[in-house]
Amino acid sequence: MIYQANTLQVKELQDGIAELSFCAPASVNKLDLATLESLDKALDALNAHAGLRGLILTSNKDAFIVGADITEFLGLFAKPEAELDEWLRFANSIFSKLEDLPVPTLSMMRGHALGGGCECVLATDFRIGDKTTSIGLPETKLGIMPGFGGCVRLPRVIGADSAMEIITQGKACRADEALKVGLLDAIVETDQLLESAINTVSLAANEKLDWQLRRKQKTSALSLSKLEAMMSFTMAKGLVAQKAGPHYPAPITSVIAIEEAARSDRDAALDIERKHFVKLAKSEEAKALVGLFLNDQYIKGLAKHAGKSANKATERAAVLGAGIMGGGIAYQSALKGVPVMMKDIAQASLELGMNEASKLLNKRLSRGRLDGFKMAGILSSITPSLHYAGVEQSDVIVEAVVENPKVKAAVLSEVEGLVGEDTVLTSNTSTIPINLLAKSLKRPENFCGMHFFNPVHRMPLVEIIRGEHTSEETINRVVAYAAKMGKSPIVVNDCPGFFVNRVLFPYFGGFSMLLRDGADFTKIDKVMERKFGWPMGPAYLLDVVGLDTAHHAQAVMAQGFPERMGKEGRDAIDALYVAEKYGQKNGSGFYTYSVDKRGRPKKTFSEDILPILADVCQQPQDFDDQTIIQRVMIPMINEVVLCLEEGIIATPQEADMALVYGLGFPPFRGGVFRYLDSVGIGNFVEMAKSYQDLGAMYQVPQLLLDMAAKGESFYDGQQASSL
């Protein structure tokens with residue numbers, strides 16, 4: 001043994017060829033601070049080892065290295081710039097030490113080599129993998145950029161254009177893609193990887209392969225003429241700015257770093273990369289996006305724990321109520337390996353549900369994400385039926401019939417009498433209280449809400465609603481089933497609107513009050529989209545949701561929370577509903593809709609809307625961007641905080657993920673609680689107080705007043721780390 005540490009070891013294989021194996025005791029290998037320090041010492045040991053002729057990097061896991069340890073990021077990023085720069089300089093020196101070994105080096109991969117894992121293999125002279133190999137640099141998705149030499153080495157290995165595409169998109173290349181661009185030198189059968197690696201390094205050591213030429217290319221300036229460089233970088237900056245937009249600086253910063261470093265040798269180029277990395281790491285966007293990643297891991301951890309705690313796994317399921325929603329739920333269940341019965345009283349609805357599942361599978365087939373054989377298997381695992389025969393075999397039943405409490409209660413009561421005592425019943429409802437539906441059941445402990453969002457196959461969030469009598473076993477089983485379906489389940493306690501709809505309607509309330517006071521809805525949409533970062537402004541969102549749906553839900557919320565969500569007189573939602581302007585579904589709402597060449601709805605402004613709004617709005621008045629944002633967002637933020645205060649949702653992490661996954665809250669802001677931390681709770685309280693005369697929706701919750709007085713924040717705990 002040449003060197004051994006907790007997460008890696010080095011030994012000689014044969015004829016002076018050594019193997020450095022990453023072998024962390026955890027389930028995956030990560031380049032955390034401890035592993036980097038061990039790698040540095042291992043390379044010193046290799047440099048001192050007599051008779052060394054070559055080095056092969058390997059991993060004892062199914063994935064090579066999944067990247068740096070992101071749990072350390074926020075703590076590191078909170079350090080002063082000089083300390084962060086010093087940490088990066090140390091990391092860079094390690095990979096340069098690997099690259100400068102006086103012998104040929106090769107990375108032998110299976111599975112993922114991502115982020116720091118990719119940057120590690122870029123420091124070696126050769127790279128081979130099996131067909132499971134996936135190599136990429138996802139850092140820009142976290143609001144940062146490669147900082148271990150990825151922006152320096154990747155362009156020199158595969159060319160600037162291909163490198164910028166991978167880096168700016170946070171893309172991972174499959175083995176065949178990596179081979180095509182030159183990121184992999186060969187794809188080898190898994191059982192022949194080691195033999196192939198030894199042969200390649202032996203050939204290089206015997207000067208049959210020019211490893212030194214490869215190394216020189218990586219450590220020199222990019223071989224681009226001035227004209228080529230100008231065309232390449234100008235085009236890349238234009239495309240990236242258009243795609244990423246102004247709220248996500250990481251992609252464009254990475255292009256600028258590659259451009260600035262293009263004419264420098266490796267060490268000078270690494271200095272340039274490091275400067276830009278530090279700038280991004282200190283940004284609020286990076287803090288928010290890294291925080292979201294950590295929150296997502298937290299949600300996955302809760303789901304994993306629920307699965308382990310449940311006494312029974314879901315092997316079969318049933319969906320009651322077909323159509324688009326039922327078909328989407330059945331598709332998602334079958335796609336992830338849980339056979340499902342889809343029951344409806346109408347043949348036409350069953351056909352609609354099966355057509356929805358078939359359409360979604362055909363899309364995957366056309367994109368090469370599954371083959372015809374697998375598609376047929378998935379489709380055959382959905383059993384459409386007009387009868388209940390076979391429903392007793394289901395472990396979990398999802399009721400997805402029409403949004404009517406009497407109909408839902410009747411269906412749930414009926415099916416409860418046909419299934420075993422340990423079968424779990426759920427209701428896919430967006431507005432009907434779970435405690436109300438539970439009254440129709442003999443075993444309410446086996447019942448909870450399971451609120452899917454439309455379209456089911458795209459929306460990652462599922463709200464799991466705990467009723468007054470719901471058992472922990474029921475929650476665990478349904479959370480585990482939702483996770484098995486590939487969804488992000490978040491448990492909330494029962495209340496009108498649950499969590500997502502409860503916090504959405506104060507947002508619509510703030511919007512309606514702005515309209516009442518004379519604001520232009522098209523300007524509000526532009527400000528909320530372009531300045532705050534929502535995918536669509538409130539008027540456009542109401543059109544997509546449907547003004548009829550919003551009108552009904554608004555009445556439910558007003559009944560549940562009359563002080564904050566009740567209103568005097570009619571508002572814009574009422575006016576459009578009465579005028580039968582329901583939005584996209586019937587071609588006219590706040591905007592008018594037509595179908596474009598691709599068959600997608602295209603919105604335009606029509607003055608036909610103005611007389612309808614005139615009845616519920618005052619004389620036109622101009623509001624500045626900041627006022628618009630504050631008046632629309634304060635009611636939502638307050639309601640989110642009240643949900644935490646009341647225990648409707650358990651943690652800031654779960655709330656922020658629900659907002660991003662369920663409503664499209666701008667990811668670069670990280671969710672309401674991350675946003676409050678970034679602006680400062682004290683600052684928010686002072687700002688919100690200036691609007692309190694607008695009504696109860698604008699009253700600051702006691703929790704925020706208390707935290708502001710103590711100088712607290714919601715995410716203090718995520719900063720813990722040390723250099």
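Any Cβ shown, glycine's included, is placed from N, Cα and C.
For 1-189, the entry in Swiss-Prot reads region 'Enoyl-CoA hydratase/isomerase', with the evidence type sequence analysis. Annotation comment: Swiss-Prot describes GLU119, GLU139 as site 'Important for catalytic activity', evidence class sequence analysis. Residues or ranges marked as substrate binding site by Swiss-Prot on the basis of sequence analysis: ASP296, ASN501, TYR661. The region '3-hydroxyacyl-CoA dehydrogenase' annotation in Swiss-Prot covers 311-723. Under the heading NAD(+) binding site, Swiss-Prot lists MET325, ASP344, VAL401, VAL402, GLU403, LYS408, SER430, ASN454. Annotation source Swiss-Prot lists active site, for 3-hydroxyacyl-CoA dehydrogenase activity at HIS451, citing sequence analysis.
The structure, with features from Swiss-Prot marked on it.
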residue : record                                  : DSSP (3 states)
GLU119  : site 'Important for catalytic activity' : helix
ASP296  : substrate binding site                  : helix
ASP344  : NAD(+) binding site                     : coil
VAL401  : NAD(+) binding site                     : coil
LYS408  : NAD(+) binding site                     : helix
SER430  : NAD(+) binding site                     : coil
ASN454  : NAD(+) binding site                     : coil
ASN501  : substrate binding site                  : helix
TYR661  : substrate binding site                  : helix
Using all protein chains shown, find which of the binding-site residues MET325, VAL401, VAL402 scores highest when you count other CB atoms within 10 A of its CB. VAL401
Quick check for the class: what is the C-alpha distance, in angstrom and rounded, between GLU139 (site 'Important for catalytic activity') and GLU119 (site 'Important for catalytic activity')? 11
Please state whether DSSP places GLU139 (site 'Important for catalytic activity') in a helix, a strand or coil. helix
Largest tally of Cβ atoms lying within 10 Å of a Cβ, found at which of the recorded positions GLU119, ASP344, GLU403: GLU119
Non-local Cβ contacts of SER430 (NAD(+) binding site) (under 8 Å, 6 or more apart, same chain)? GLU403, HIS451, GLY497, PHE498, ASN501, ALA553
Using C-alpha positions only, work out which of the recorded positions GLU119, ASP296, TYR661 is nearest to ASP344 (NAD(+) binding site). TYR661
Between GLU119 (site 'Important for catalytic activity') and MET325 (NAD(+) binding site), the C-alpha gap once rounded to whole angstrom: 43
Express the predicted model's confidence over the region 'Enoyl-CoA hydratase/isomerase' (1-189) as a mean pLDDT, rounded to an integer. 97
Ten-angstrom check, please: count other Cβ atoms within 10 Å of the Cβ of ASP296 (substrate binding site), all chains counted. 17
Rounded to whole angstrom, what's the largest C-alpha distance between any two of MET325, ASP344, VAL401, VAL402, GLU403, LYS408, SER430, ASN454, listed as binding NAD(+)? 20
Between ASN454, ASN501, which of the binding-site residues has its C-beta surrounded by the fewest other C-beta atoms within 10 Å? ASN454
Excluding near sequence neighbours, so keeping only residues 6 or more apart in the same chain, what lies with its CB under 8 A of TYR661 (substrate binding site)? MET459, PRO460, LEU461, SER488
In whole Å, how far is ASP296 (substrate binding site) from VAL401 (NAD(+) binding site) when you measure between their Cα atoms? 30
Rank aside, I only need the closest one: which of the binding-site residues MET325, VAL402, LYS408, ASN454 has its C-alpha nearest to that of ASP296 (substrate binding site)? ASN454
Cβ-Cβ neighbours of GLU139 (site 'Important for catalytic activity') (radius 10 Å): 29
